[in-house]
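K.L.:
Features from TrEMBL:
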| type | residues | note |
| --- | --- | --- |
| SIGNAL | 1-18 | signal peptide |
| DISULFID | CYS24-CYS39 | disulfide bond |
| DOMAIN | 53-199 | domain 'Cupin type-1' |
| BINDING | HIS101, HIS103, GLU108, HIS147 | Mn(2+) binding site |
| BINDING | HIS103, GLU108 | oxalate binding site |
Amino acid sequence: MIHILLIVSSLFTISTHAAVQDFCVADLKGPDTPSGYACKPPTIVTVDDFVSVGLRYAGNTSNIIKAAVTPAFSAQLPGLNGLGISIARLDLAASGVVPMHTHPGGSELLLVTQGSIVAGFISSANAVYVKTLKKGDIMVFPQGLLHFQVNAGGVTAVAFASFSSPTPGLQILDFALFANDLPSKLVEATTFLDDATVKKLKAVLGGTG
Ligand SMILES: *[C@@H]1O[C@H](CO)[C@@H](O)[C@H](O)[C@H]1NC(C)=O
């Protein structure tokens, strides 16, 4: 009898514990940490914490890369906090490009929904994997590897990129090299580029030093 009571009570404990852990909607008033945001009390969670309508709208591509990325990360979609996933919309105007970049925190799955995009990544062994993607095609970019997307169609392309992390991170290679105050001499020494090229790229991308 005592055994049965113990089993029943431990089952009850497990099921109430599981219910509390169904989700951890981000409390955006607190800090984002490596393990995500703290949880909003479930009593004040609503359906809108799990919905984002921001990806309905085309991003503004009037910029140097003619591209716009509209994220649905924890800040825009608090309900995905702690679930290990996220998504973003990519608008790529004619001749637009998402320059060579990495997401240190997650792998990416890209689905083209309009137009056509040349996409590729480079492995750590420097093998190149490039493909022209058409509407409906998907491509996966393994975590941390350098990759890019270039409009291949001459008309605006649209794609959705999902990530295996709510905070995949983004580092754009050219910005890392030329859009900060790393001294030109060090950029030249570490990239084997000449002085004129480094100065030109720093001027275009807003770097100093
Ligand atoms: C898009 O961005 C450009 C450059 O920042 C700005 O001039 C323009 O007003 C923006 N367009 C819209 C529709 O917001």
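Yeah, the Cβs are placed from backbone N, Cα and C, and that goes for glycine too.
Automated prediction, rather than curation, is the source of TrEMBL annotations.
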K.L.:
Rounded to a whole angstrom, what is the C-alpha distance between CYS39 (disulfide bond) and GLU108 (Mn(2+) binding site)?
P.N.:
26
K.L.:
For the domain 'Cupin type-1' (53-199), give the DSSP counts of helix residues, strand residues and coil residues.
P.N.:
25 helix, 59 strand, 63 coil
K.L.:
How many Å lie between the Cα of HIS147 (Mn(2+) binding site) and the Cα of CYS24 (disulfide bond)?
P.N.:
31
K.L.:
For the recorded Mn(2+) site formed by HIS101, HIS103, GLU108, HIS147, name the remaining residues of the chain with Cβ within 8 Å of the site's Cβ center, in chain order.
P.N.:
THR102, PHE121, PHE141, LEU145, LEU146, ALA161, PRO168, LEU170
K.L.:
Fewest other CB within 10 angstroms, which one of the disulfide-bonded residues CYS24, CYS39?
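P.N.:
Checked CYS24, CYS39; of these disulfide-bonded residues, fewest Cβ neighbours within 10 Å: CYS39.
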K.L.:
Helix, strand or coil at CYS24 (disulfide bond), per DSSP?
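P.N.:
Reduced to three states, the DSSP call for CYS24 (disulfide bond) is coil.
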K.L.:
So of HIS101, HIS103, HIS147, which of the binding-site residues has the fewest other Cβ atoms within 10 Å around its own Cβ?
P.N.:
HIS101
K.L.:
10 Å Cβ neighbour count around GLU108 (Mn(2+) binding site)?
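P.N.:
22, counting other Cβ atoms within 10 Å of GLU108 (Mn(2+) binding site).
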K.L.:
GLU108 (Mn(2+) binding site) to CYS24 (disulfide bond): how many Å between their Cα atoms?
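P.N.:
GLU108 (Mn(2+) binding site) to CYS24 (disulfide bond), Cα-Cα distance: 23 Å.
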